[in-house]
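Only one structure is covered here, and it is reproduced in the block below.
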């Protein structure tokens, strides 16, 4: 592909800012616009320092520039409550939407499990689940392919400072979307999820515990060889992703313990959840350049929108 795909980021908070910093290192995508609603927000000021165009008028402030700036992709890092309308407005202009909120109106898109299938179908809206869903759904999928998972539960423990106001407003949606990912992506019959905000002390680590109830007696002989290759593959995207200790087998349920040490692009001291949420958003479109170049898929034509 001869030129980078041009992108807009909606939401200049923790996740949106971290995403911009990762995009600036990308060879195939160019962040052009940062969209917010507060002209004095630190995120918009920071985006301008990075050389991005900005608007404090929400998505409506971006729409007049979609054609002129050839915006093909938008990454929504706002809130589940406003995502559906953001997506509708930009989809009407032929802009693909990557949803980093827990809204989950599009297909769940999870690394190592179904990312290539979703991108290959050129879905106009794909949902990146949550940081917890990206970290744990592949583990559930790894177990369910060798033993049926009747019930799966994840417990996410993150440092409070890394959770921005948008995520705090969406805790219920966060838990519901993670539970849905256990079922729709991981293959569990029933899912549950909770998030625990750690305000007691600062920690670089973000920790996930996954409890599995297996329909039959858990057998570590097929389970261990099934999940270890998944961990190795996820480390290509999350270098700090690892098993905290050996999976604990004690009849039913059994548990897998994951910890993650982040890269610290933004909120350098406490970014745990950001570095799990933002890297999957970029590989979601990583196969676009090749597929577009060989005409396997074609992006929608950008045409003036008629009300």
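Each residue, glycine too, has its Cβ placed from N, Cα and C.
Features as listed in Swiss-Prot:
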- 131: active site, acyl-thioester intermediate (ACT_SITE)
- 162, 163, 164, 165, 166, 167, 168, 169, 170, 273: NAD(+) binding site (BINDING)
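Here the features listed in Swiss-Prot are painted onto the structure.
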{"residue": "131", "record": "active site, acyl-thioester intermediate", "DSSP (3 states)": "helix"}
{"residue": "164", "record": "NAD(+) binding site", "DSSP (3 states)": "coil"}
{"residue": "170", "record": "NAD(+) binding site", "DSSP (3 states)": "coil"}
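The Cβ of residue 131 (active site, acyl-thioester intermediate) has 29 other Cβ atoms within 10 Å, all protein chains considered. Around the Cβ of residue 166 (NAD(+) binding site), the same chain contributes 11, 13, 15, 77, 78, 79, 101, each under 8 angstroms and 6 or more positions distant in sequence.
Close to residue 168 (NAD(+) binding site) in the fold, though at least 6 residues off in sequence, lies no residue with a CB less than 8 Å from its CB. With respect to their backbone Cα atoms, residue 131 (active site, acyl-thioester intermediate) and residue 164 (NAD(+) binding site) stand 13 Å from each other. Same-chain residues at least 6 positions away in sequence with a Cβ under 8 Å from that of residue 164 (NAD(+) binding site) are, in sequence order, 13, 14, 15. Sequence-distant contacts (6 or more apart, same chain, Cβ under 8 Å) of residue 170 (NAD(+) binding site) comprise 79, 80, 81, 101, 102.
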